[in-house]
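Reading through the structure tokens given below for one structure.
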Ligand code: HEM
């Protein structure tokens, strides 16, 4: 053994460490397996990573903040560097957040890094989720991972909300007050729930410390666990890819994770980190010193939550305030309950969507090739409706800003948004679905007859023709490779009965697939080639180009 | 100093200051008693000023406010100006709100249409119609009070309409509380004293002259201190921060990824 070492060159530290691990935990096998995983290349696949890296930045900056932040609601007289608050009575939590901002070196930068990356974390997860939705990446076998991702999105909201409340400034206090009101609005258990959470009457003396526990311990731990599960499943399932020649439901085309991808990802982390640092060093976020310490009486104009809570705030604002009545010896605050039910209902539908669609299509096969959104018109339409619904609620949280900045009446803005909330999604659904169908029709046209070139040719016998340039095989594949679903009929089961389930499914299936464009078949293609003999030469040329590239 | 931008001619400033000094015996004491200051300012306005003011008023304001400033209660309600005082006229005309122009739910600020001298003449005339709050002296509106007290008072009394840093906010039915950035200290004082349109009056029993001075001190602090955390996104709070995140940060990162992808192909 010692001879062998003496003869060979001394291994480097990395190799040594790898060997050490390999001999004890079989890390080599794991790494080899992991390193051979293939990751495809498309910018939209990087959104999840943006979320992941902003979470890493959150962990780092959050840890810095814990060194200086004190989660106490005891009162102190502020004596820090910010003039207009000197001598003001405030909670220790607020005072320590002010100290982080003005008296801890790099503290304000870290607060801003933490807050900007929080906004980016949720935004990137949201956009990532939309990518997964519109490309149908949630289909079998990835339904569970959709749920995990959904949990991450909700946990991101929870992390953000608990963090937002920690500085105990006027703005965050107002946010807590709204939560308190919402809890109290729940019939029967509301009042108990509120006094349980706040340890007595709002605001009490405990809430900040409790939120702190949730914010730095429970929620980040859950997020970490879910991220681990999420990534693990990505490795098991392998990544999806967009369709193209050689890309099927049983392979993955891209670079192996090791070393190409890992090197790229490492670089990408620093890009995300760099952008966050740049923004945090140049743009203010949550200037808590402007808002002043929390005190239940004053409310400032322009009081809003962070963007990811905005849609819930909007739901509350858009609910007509007269939906409140007294019955059975209690007040029923429908103007609070309905928005809560709508919010939860929306989330439940988002979470359940993969299962709903699988139930409609009865498609039990695995899918690794992504859909182009236009090739699933109904799903894309539903997605557009959902996005519109969410966006109107979100804009609902900014009614006052819209009113002042565009010089319109606040009441008119509210009424238009209430109408838009109902009408908007329906219109969005119809327009999007029609647009998808039109695009599919266009694709069909292009595949069968080629692209219009605008070149007019006169044939020897005098006939004029526009030259259509046929597609290369790569492009053509993209346009014709999708599955055609047909509406299912309500068939009798083995007992000869048509169940209600089957009837409903048949009805929904009709909505989904009644209007559809059938993909181009090989026979049609052959026939088309026959009709356009002038188009035959070009593809050879095109293919040659593709190959030499 | 905000007063550099003052549109009054130097002469008018001297007259007003002289009036303040004459009244208080040249003392800082004026700051503690704005109500008492009301009488003498109108009292010492020269008869000439009042006559000039009366002419200007007849030409520019009487069509709405009536020949003697008695207002009208017809189809178009226009308030009487008897007893609104010089402060109200100075605020309304010097910020360009008056002469009013028929418009939406709230009369808007315009470019002021009169010189400082003309304004003081009209103010003197309106003050002669009935006793009312006088124009505050420069000492009363100097931004050298206690900004911390002003901050607290502003948060309790004004932030619900004007936003915590005076960035403005919406009221019901198309009315709004304007942004306070760049408003002259004297006009801030007068706004509190007279409560224009949908703003409540904060008389001296409500907010003492010292409190008013503190509020001005705070507002000037916010206006003159550069933002500590970098560019402020219009002080409009989380909504703008959220939009910024989506459009600029996420957009920027996606642009980089697409660019990198394009390079590698
Ligand atoms: C998982 C994602 C997380 C999100 C979305 C998030 C979000 C936030 C937000 C929005 C704030 C308010 C910041 C401000 O403007 O002052 C905050 C504060 C804070 N966060 Fe986080 N956070 C996350 C994770 C963490 C972690 C992992 C830690 C600690 C290890 C942490 C520690 C803190 C502390 C100490 C504060 C209070 C600091 C202050 O108010 O100045 N956070 N967080």
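The count begins at 1 with the first shown residue.
Yeah, the Cβs are placed from backbone N, Cα and C, and that goes for glycine too.
Averaged across the domain 'Cytochrome b/b6 N-terminal region profile' (A:17-243), pLDDT in this predicted model comes to 88. Per TrEMBL, the feature domain 'Cytochrome b/b6 N-terminal region profile' maps to A:17-243.
Sequence annotations record features per position, and here TrEMBL assigns transmembrane segment to A:50-69 (among others).
A Cβ distance under 8 Å defines the sequence-distant neighbours of the transmembrane segment (A:113-134), meaning residues of its chain 6+ beyond its ends; these are 44-45, 47-48, 50-51, 54-55, 57-58, 61-62, 65, 146, 149-150, 152-153, 156-157, 159-160, 163, 276-277, 279-280, 283, 285-286, 306-308, 353, 373, 379-380, 383, 387. The transmembrane segment annotation in TrEMBL covers A:113-134 (among others).
Annotated transmembrane segment per TrEMBL: A:146-166 (among others), in sequence order.
Counting same-chain residues at least six beyond the ends of the transmembrane segment (A:212-236), those with a Cβ under 8 angstroms from any Cβ of the stretch are 34, 37, 52, 55, 58-59, 62, 66, 69, 71, 142, 144-145, 148-149, 151-152, 155-156, 158-159, 162-163, 166. Look at TrEMBL and you will find A:212-236 (among others) tagged as transmembrane segment.
Tertiary neighbourhood of the transmembrane segment (A:268-289): same-chain residues 46, 49-50, 53-54, 56-57, 82, 84-85, 94, 97-98, 101-102, 109, 111-113, 115-117, 119-120, 164, 167, 169, 171, selected by CB-CB distance under 8 Å and a gap of 6+ residues from either end. Annotated transmembrane segment per TrEMBL: A:268-289 (among others), in sequence order.
Through the fold, the transmembrane segment (A:336-360) approaches residues 133, 138-140, 142-143, 146-147, 150, 154, 181-182, 185-187, 311-312, 315-316, 318-319, 323, 379, 382, 386, 389-390, 505, 508-509, 512 of its own chain, all at least 6 residues removed from its boundaries and within a Cβ separation under 8 Å. According to TrEMBL, the feature transmembrane segment maps to A:336-360 (among others).
Positions annotated as transmembrane segment by TrEMBL: A:381-403 (among others).
Positions annotated as transmembrane segment by TrEMBL: A:415-432 (among others). For the transmembrane segment (A:415-432), the list of distant contacts is 314, 318, 320, 377, 380-389, 392-393, 395-396, 399: same-chain residues at least six beyond its ends, Cβ to Cβ under 8 Å.
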Quiz item: Other than its close neighbours in sequence, what residues sit by the transmembrane segment (A:50-69), given a CB gap under 8 Å and a spacing of at least six beyond its ends?
Solution: 93, 96-97, 99-100, 104, 106-107, 110-111, 113-114, 117-118, 120-121, 124-125, 128, 152, 159, 163, 166, 212, 216, 220, 223, 227, 268-269, 272-273, 276
